[in-house]
Amino acid sequence: MGKNVVVIGTQWGDEGKGKIVDWLTDHAQGVIRFQGGHNAGHTLVIGQGAAQREYKLNLVPSGIVREGVRCYIGNGVVLDAGHLLEEIGGLESVGVEVRSRLMISPGCPLILGYHVSLDKAREAARTQGKKIGTTGKGIGPTYEDKVARRALRVYDLFYPERFAEKLAEVLDYHNFVLTRHLNTEAVDFQAQLDAAMKHAESLRPLVHDVSAALYDAHQAGHNLLFEGAQGTLLDVDHGTYPYVTSSNCVAGQASAGSGVGPSMLHYVLGITKAYCTRVGGGPFPSELDIETDATPGHQMSDKGREIGTVTRRKRRCGWFDAAALRRSARINGLTGLCITKLDVLDGLSELEICTGYKLDGKVVDLLPVGAEDVARCEPIYEVMPGWQETTFGVKRWDDLPANARAYLKRLEELCGVPVDIVSTGPERDETIVLRHPFGA
């Protein structure tokens with residue numbers, strides 16, 4: 001039997017999961033996406049010098065840039081067929097073989113044009129201060145249709161008459177909402193049908209029973225890597241609701257969103273920045289000013305190049321929040337942590353760690369459940385000395401500055417999860433390994 005590892009973001013997304021998934025695929029034969037859609041963005045930097053290439057992926061699992069690794073899109077993913085085919089074409093144009101190594105579950109709900117129209121119209125209608133910060137890509141409305149049992153799924157594409165009947169029914173409902181409630185234009189039935197059917201034959205060879213394929217791979221002794229998107233604090237159930245995404249981003253979804261049994265998941269790796277970031281609206285207790293020069297927040301934003309891969313919006317930045325990570329660790333059952341972007345903190349004289357909050361006159365050591373309570377939290381900080389030496393590209397634990405090691409050990413103590421990996425740069429080999437998830 002192989003060993004299977006789940007990689008999860010523990011904050012509000014953008015933790016650096018793509019690089020770690022790519023690095024781990026050196027020991028995996030398969031990589032699986034199990035939730036989200038093309039609202040997720042992973043940036044991979046592969047190669048050295050003039051041969052270096054940057055890949056920006058949204059739907060295709062990060063393992064695709066590793067030769068011979070099979071990639072799977074599980075039933076928990078919502079699929080924009082046009083975007084997927086465009087992404088595949090982009091990869092193939094630079095010599096990455098995709099189609100022979102990619103499987104798509106027939107159960108993936110399809111993102112169609114009316115989902116995008118609904119997403120954008122709803123966000124535009126929200127008053128300032130209540131905007132979610134959606135990417136406007138139709139993710140939320142597609143998940144709504146899935147739960148309401150009216151979604152069109154990938155396998156529906158291969159039955160044109162049935163697809164047209166279902167489309168007419170669901171479009172009648174959504175056009176009523178668009179025109180009567182949101183005061184925007186209706187979506188044309190024929191245009192939607194033609195757009196969907198255009199992609200059917202291109203997708204057909206890629207569609208397989210992913211659940212069965214993963215079971216067979218596991219039985220054959222393959223190591224499998226489950227690639228989470230977004231982060232735990234954006235989870236629709238466990239995040240800062242309603243400022244969340246529309247899917248479950250936690251480790252438990254790896255099973256539900258791919259069709260493998262929970263007992264087949266052996267190790268959960270939580271990816272965590274050495275500080276915190278957030279894109280879009282919602283409470284952020286340890287948030288700092290990122291606009292004022294020569295401040296810690298500005299350094300995090302500028303040195304960390306904190307711009308959203310998908311949205312191109314500036315990410316909000318703040319001190320590491322151990323109380324938030326403590327909740328993430330429990331929800332996900334984390335086996336180990338991977339700390340990323342440690343070098344962004346190089347040169348700061350002091351570092352602060354949020355260890356808990358004051359809420360209604362009481363001290364709490366765990367991120368509250370509701371966004372309203374989180375917004376009222378006053379962070380409690382512990383101060384630690386910084387370091388002046390560089391940590392960028394360091395490959396051995398003992399070569400890190402003493403204060404950097406002390407900072408990492410303190411994070412470990414506060415969160416109750418061992419730091420197994422430290423990422424010190426975007427390259428594959430800029431990684432310190434204390435314990436390998438695959439036992440290598």
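Using N, Cα and C of the backbone, Cβ positions are placed for all residues, glycine too.
Residues or ranges marked as active site, proton acceptor by Swiss-Prot on the basis of sequence analysis: Asp14. Marked as active site, proton donor by Swiss-Prot on the basis of sequence analysis: His42. Residues or ranges marked as GTP binding site by Swiss-Prot on the basis of sequence analysis: Gly13, Asp14, Glu15, Gly16, Lys17, Gly18, Lys19, Gly41, His42, Thr43, Arg315, Lys341, Leu342, Asp343. Look at Swiss-Prot and you will find Asp14, Glu15, Gly16, Lys17, Asn39, Ala40, Gly41, His42, Thr135, Arg149, Gln230, Thr245, Arg313 tagged as IMP binding site. Positions annotated as Mg(2+) binding site by Swiss-Prot: Asp14, Gly41. Annotation source Swiss-Prot lists substrate binding site at Thr309, Val310, Thr311, Arg312, Arg313, Lys314, Arg315, citing sequence analysis.
Feature map: Swiss-Prot annotations on the structure.
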| residue | record | Cβ contacts under 8 Å, 6 or more apart |
| --- | --- | --- |
| Gly13 | GTP binding site | Ala40, Ala229, Gln230, Gly231, Leu234, Cys249, Val279 |
| Gly16 | IMP binding site | Ile271, Lys273, Cys338, Thr340, Lys341, Ser423 |
| Lys314 | substrate binding site | Ile290, Ser301, Glu306, Ile307, Gly308 |
| Leu342 | GTP binding site | Ala274, Thr391, Leu400, Ala404, Leu408, Val422, Ser423, Thr424 |
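Leu342 (GTP binding site) falls within a helical segment according to DSSP. In this structure the C-alpha atoms belonging to Arg312 (substrate binding site) and Thr135 (IMP binding site) are separated by 10 Å. Nearest Cα neighbour of Glu15 (GTP binding site) among the listed binding-site residues (Asn39, Gly41, Thr135, Arg313): Gly41. Under DSSP, Lys19 (GTP binding site) is assigned to a helix (H, G or I) in the three-state scheme. Comparing Arg315 (GTP binding site) with the residue listed as 'active site, proton acceptor', their Cα atoms are 9 Å apart once rounded. Counting other C-beta atoms within 10 Å of each candidate's C-beta, the binding-site residues Lys17, Arg313 are led by Lys17. Distance from the CA of Asp14 (active site, proton acceptor) to the CA of Arg313 (IMP binding site) is 12 Å. Nearest to Lys17 (GTP binding site) in space, judged by Cα atoms and limited to the binding-site residues Asn39, Gly41, Thr135, is Gly41. Comparing C-alpha positions, Asp14 (active site, proton acceptor) sits nearest to Gly41 among the binding-site residues Asn39, Gly41, Thr135. Cβ neighbour count within 10 Å across all protein chains ranks Gln230 highest among the binding-site residues Asn39, Thr135, Gln230.
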